[in-house]
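Record features (TrEMBL):
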type: COMPBIAS; residues: 122-131; note: compositional bias 'Basic and acidic residues'
type: REGION; residues: 122-252; note: region 'Disordered'
type: COMPBIAS; residues: 132-141; note: compositional bias 'Basic residues'
type: COMPBIAS; residues: 142-163; note: compositional bias 'Basic and acidic residues'
type: COMPBIAS; residues: 183-219; note: compositional bias 'Basic and acidic residues'
type: COMPBIAS; residues: 242-252; note: compositional bias 'Basic residues'
Amino acid sequence: MATITGEERAAPKVEGADLLGQPTFAELDNGRFRCVETGHEVLAKDKDSYSRTKRCRLGLIDFALSHRKAPLNMFELDPLSRSKLKCKLTGDTINKTEEHIWKHINGKRFLNNLEQKELEKDSMAKSGEQKGKKKAAKALKHSTENSKKNKKELEKIISEARESNGGSDAEDVFWMPPAGQRWDNDNGGDRWGSESDSEHESDKINAIDDEDKDKHGENEAVELSNRTKRMSIEIGPSSFASRKKKSKKSSK
């Protein structure tokens, strides 16, 4: 069982003595409590008294240093003495107590250096932003130049194509098959039948036409004969006889 001696008890509270706040305790199975920051075990009734001891306060400082918790993230252990701290911002060396830490971080030297560092960060951020903008503008300019170059090359290709096609647009040029060759590989032959079949069919058509002509001629002859007979019947033989006599007399 760990006990708290009179030497471990802290002096009367001064300004900045509780800079790091109260320690954290975890309950154990045996009814005791263990300090998370220092690993010290105490009874429940001794938690408040232990948190004010010098041992506990130093343990809180070491824990904050190792875990880089504010405001101890601006300090490191002095390589020449474990009881002192070195400020990384100002380079000053101070005692490893909460009171001295509190006084140092509220001093003009520390605050001026902190402000200067913040200004440098802002300046670097703005510089990085400006570099980013310049880089983006440069990339945009390069892209624009490439676009213009590609456009000129495209116009050159189109111009050459027009000149090769006699000044007309490439869309007006149609493909033509080579001389003496058809695009459908047609050699001029009959695609529906052989040549002998075609000639035979032509002879049949001519024979039918001749037959129709003969029948038409016969029909005209028959019609002419019928007309002549009708005319002789209507006029009669006497008319022809008188005409013959008159013609004979007139000749005498």
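Even glycines carry a Cβ here, placed using N, Cα and C.
For the compositional bias 'Basic and acidic residues' (142-163), the DSSP-based tally of helix, strand and coil residues reads 22 helix, 0 strand, 0 coil.
Here the compositional bias 'Basic and acidic residues' (122-131) has, by DSSP, the following mix of helix, strand and coil residues: 10 helix, 0 strand, 0 coil. Across the range of the compositional bias 'Basic residues' (132-141), the DSSP-based residue counts are 10 helix, 0 strand, 0 coil.
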